[in-house]
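Peer 1: Just passing along the structure, written as structure tokens.
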Amino acid sequence: MPQSTKYILPVYGILALYSLGYFSYRNGYVNIVLEERQAWLDMPPGDPTKVAQPTGIASLDETLAAMFVFYWPVLDGSFPGLSLMFCNYLGALPLCLVLMTLESLRKGNRSSFSFFYSPTFWGMIAVMMTLAVSIPWYLTIHLLISTTASHPTIENMSIPLAELKALIVNIVVGLVLPSLLVALPETITQTLFTRQTAITLWQLWPFWSTAVHFIARKFISATERGADSRAQWTRVRSAFRSVYGLTFAAAAIAHIATWSISLTAAYALPDAMSAETVSSLHPQTVFVNTWPWLPVTTDSVGEGTLWLLQWDKFVGVGAIYWWSLDLYRAAHTAQRKKINWYYFALKTVAFCLVSGFTGATIELLWEREEMIMEAGRAKEKTK
């Protein structure tokens, strides 16, 4: 494990606790959420779109009420900048979980520690504690115990074709589709479900994602029987490219769309909107983090949630980029190849411009995959 990661990833973990935990408490956000949660639980019946205690189980209803308070301003459009940041967030951190799932499926990670790589396990931790709090520690331990991280080879990095094809289905049906449904305006979805129902179901996305993957894998395994084994390498490479390509496309679309809306509102068409909306959608409001050590306070759930999402994304994406860089370097070391750091820096900047740090991370791991597969292919031909 490279020395840089030994220190950098734990620093990200500590930064997550400070910027998401301590900062949220100090700026008054936690107290506001608790007050709003109690107001939700005490809400009188009558509104069919808001049920105060949907399950009747006190502890569960309290947890759900906190989630409703958190997500309501994200989805109802009352804070345009927050809604835009959430769309940008969906095109970043959840896609990082796809990369983590990919690592969990590799042959070298199927051991007595396989439970550690479970995307369902880490997904539920992320739901309860935010992604940025959990991801740095997962990545640190992964680099310490995973053979695919320290000694990447075609053998230990291999993934069955059915698993790869199931992951493609999972990305579309288990991740992208639920995210789109929860982000749609209630005027569109109200005939199917209320916003409260959508939030509740979306919180269980790690289970839906796992179920989709399991069903798709079983179906695909049955259809793959009797397939021509001579074309196996080509089909596996094609499946890998589909996984990385879909993930990169989702990251790029979210990044370009959200930045385009923000820049258009701030500089191209500011007169077409109210001054309040223009200010809310300004890049400095949406994408520039509020430093957690400044003596600032918030008086609304929307503003506090925006600050939390900004730091959740910053820490989570930053940590996974360092992780991907170490995997990228390990692959080059294993193949005795040198990295042209000048070209690498230019390439990273270019990918960040069109797809953010998530897109740059995907590109690094994609290049690593291609390198190991080509080396393994060449080795097979010499036998």
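From the backbone N, Cα and C atoms, a Cβ is placed for every residue, glycine too.
Take a look at what Swiss-Prot says about it:
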CARBOHYD  Asn109  N-linked glycosylation site
CARBOHYD  Asn156  N-linked glycosylation site
TRANSMEM  5-25  transmembrane segment
TRANSMEM  79-99  transmembrane segment
TRANSMEM  121-141  transmembrane segment
TRANSMEM  164-184  transmembrane segment
TRANSMEM  243-263  transmembrane segment
TRANSMEM  342-362  transmembrane segment
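Situate these features within the shown structure.
Peer 2: In the three-state DSSP classification, Asn109 (N-linked glycosylation site) falls within a helix.
Counting only same-chain residues at least 6 apart in sequence, those with a Cβ under 8 Å from the Cβ of Asn156 (N-linked glycosylation site) are Arg106, Lys107, Gly108, Thr147, Thr148.
Listed as Cβ neighbours of the transmembrane segment (79-99) (distance under 8 Å, sequence separation of 6 or more from its ends, same chain) are residues 73, 119, 122-123, 126, 131-132, 135, 167, 171, 175, 179, 183, 243, 247, 250-251, 253-255, 257-259, 261-262, 277, 280-282, 285-287, 300, 302-303, 305-306, 309-310, 312-313, 316-317, 320, 324, 356-358, 361-362, 365.
For the transmembrane segment (121-141), the residues of the chain that approach it from at least six positions outside its boundaries are 5-6, 9-10, 12-13, 16-17, 19-21, 93, 96-97, 100, 115, 203, 205-207, 209, 308, 311-316, 319-320, 322-323, judged by C-beta separation under 8 angstroms.
Long-range neighbours of the transmembrane segment (164-184) within the same chain, counting only residues 6 or more positions beyond its ends whose Cβ lies under 8 Å from a Cβ of the stretch, are 75, 86-87, 90, 94-95, 97-98, 101-102, 105, 198-199, 201-202, 205, 208-214, 216-217, 220, 236, 239-240, 242-243, 246-247, 250.
Cβ atoms under 8 Å from those of the transmembrane segment (243-263) belong to residues 84-85, 87-88, 90-92, 95, 98-99, 102, 164, 167-168, 171-172, 176, 281-283, 286-287, 354-356, 358-359, 362-363, 365-366, 369 of the same chain, restricted to positions at least 6 beyond its ends.
Long-range Cβ contacts of the transmembrane segment (342-362) within its own chain (Cβ-Cβ under 8 Å, at least 6 residues beyond either end) map to 88, 91-93, 95-96, 99, 244, 247-248, 251-252, 254-256, 317-318, 320-321, 324.
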Peer 1: Across all the protein chains here, work out how many other Cβ atoms are within 10 Å of the Cβ of Asn109 (N-linked glycosylation site).
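Peer 2: Cβ-Cβ neighbours of Asn109 (N-linked glycosylation site) within 10 Å number 21.
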Peer 1: Please classify the secondary structure at Asn156 (N-linked glycosylation site) using three-state DSSP.
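Peer 2: Once the DSSP labels are grouped into three classes, Asn156 (N-linked glycosylation site) ends up as coil.
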